[in-house]
Amino acid sequence: MLSFRVHLPCWCFLLMSCLQSLSANNDFFTSIGQMTDLLYTEKDLVTSLKDYIRAEENKLERVKRWADKLDSLTATAMQDPESFLGHPVNAFKLMKRLNTEWGDLESLVLSDTTDGFISNLTIQRQYFPTDADQTGAAKALLRLQDTYRLDANTISTGDLPGVKHKSLMTVEDCYELGKIAYSDVDYYHTELWMAQALKQLDEGEESTLDKVTVLDYLSYAVYQQGDIERALDYTEKLLELDPEHQRAKGNQKYFTFQLEKQKKAAEEEPEKQKDQAKKKKTEKKKPKKKASNQVMPERVKYEMLCRGEGIKLTPRRQSRLFCRYYDNKHNPSFVLSPVKQQDEWDSPYIVRYLDIISDKEIERIKELAKPRLRRATISNPITGVLETAPYRISKSAWLTGYEDPMIDKINQRIEDLTGLEMDTAEELQVANYGVGGQYEPHFDFGRKDEPDAFKELGTGNRIATWLFYMSDVSAGGATVFPDVGASVWPQKGTAVFWYNLFASGEGDYSTRHAACPVLVGNKWVSNKWIHERGQEWRRPCGLNETE
């Protein structure tokens, strides 16, 4: 117990500083910013572990010295025991050793040096990530793999664009990803990651996993995708390693039977084709219908834009985009120092403001927001209630102008540049994205089938969106508009602005947008949703629906 009291002050201060921000939170995988606290927690645990190791080494060293000393002593004594004990001092010391010193040694060996480490670990374990966090992070890797078309080996070797700290995945890591995909009945990703685990085992990587276990999952995943021939091949490889594997023996018989059945059906197919050809000759030829232009699914367009592919502006449209110094009709705040403004897209009209928020302001906003970050929510279109969603992987916090004069100053800056009333706008929302953090395609405004979307606020619909980029992102993390093909990439210190509603008050459906998964880096943004109320004289209503 004395050892615990000595060690406690060494790690207690750091522990308490970290736990304050962790205690009320979960879903660590949804925010890289909060995950950094876990690194400090782990560092503290390593320090505590090293203290424990030093204590154990010190104890063993004392035991070793005692053993070496007695080994030498007994070796001398056993040469002539009677003569040795004939010396009265030797006789006395033997009695003393056996009566007292061996008892002391027993106490030393039985002494527990783990108190400090175990107490530290027990306290901190309650703030560790959960199974849900591990599964969430694993699914994020699978999402990144699909969105950015990465093969398993690229991810496993850590060969990602823009990485500073390259990290390799072990066989166990690959196997874990495959198992999580398997639990979700996702046999496509199960195959990819079990195959990667097998590849690394074949290359000689040391692992506690054996090939039999990996091949068992792999053969079943391939079978579930309809490739019986390859499933049989993997099963036979498994049986070469473990001839008595009961499930594999049963699968081998079943797969062989199914292949023979397919082969028989293929042999009968030519006869059927001949019969069908004869029928076609007797039938009148019907004119072929022209293939209709298939609309590309939104998901495909979204992922293409995230990769930097997709629609590009024509030279004519590109020529209409400009950059300028902007003071919003000689606003007093910007007459002497106008801001840099550049057009990002023509329809919907998206503009970016450069150097519009300072590093000092960004750090202050992050400092205020970080302790309050909670899993980001979406508004239920039917009830209007805020709830979490698997397609929005981030954490957010709301900051008001009453909390810090800097927030008030930023709100005023947005008002001066947009000319829109901020009193009816929502508070500044700060968001930090997690592992593979994203927000799938959505509208910021409430549609006609969502009449109660912002009823509780009483400020009307979201007329416009202002979005600050508070960090650069090494790879991924673009804001994309799938319907029109626009991609806006994060650039620290800038902000983008667009109207969600036409001047008539009708929603502009071309503003449907998404935040692409963050492939490498840490994405911080803050946004201001501006509402209709108070804009009656600042943005007069248009006469046409789409004006």
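The backbone N, Cα and C atoms fix where each Cβ goes, and this holds for glycine too.
Here is what TrEMBL says about this protein:
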COMPBIAS  265-276  compositional bias 'Basic and acidic residues'
DOMAIN    424-532  domain 'Fe2OG dioxygenase'
REGION    265-294  region 'Disordered'
REPEAT    212-245  repeat 'TPR'
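Under DSSP, residues within the domain 'Fe2OG dioxygenase' (424-532) fall into helix, strand and coil as 3 helix, 48 strand, 58 coil. The average pLDDT the prediction assigns to the repeat 'TPR' (212-245) is 95.
Broken down by DSSP into helix, strand and coil, the repeat 'TPR' (212-245) contains 27 helix, 0 strand, 7 coil.
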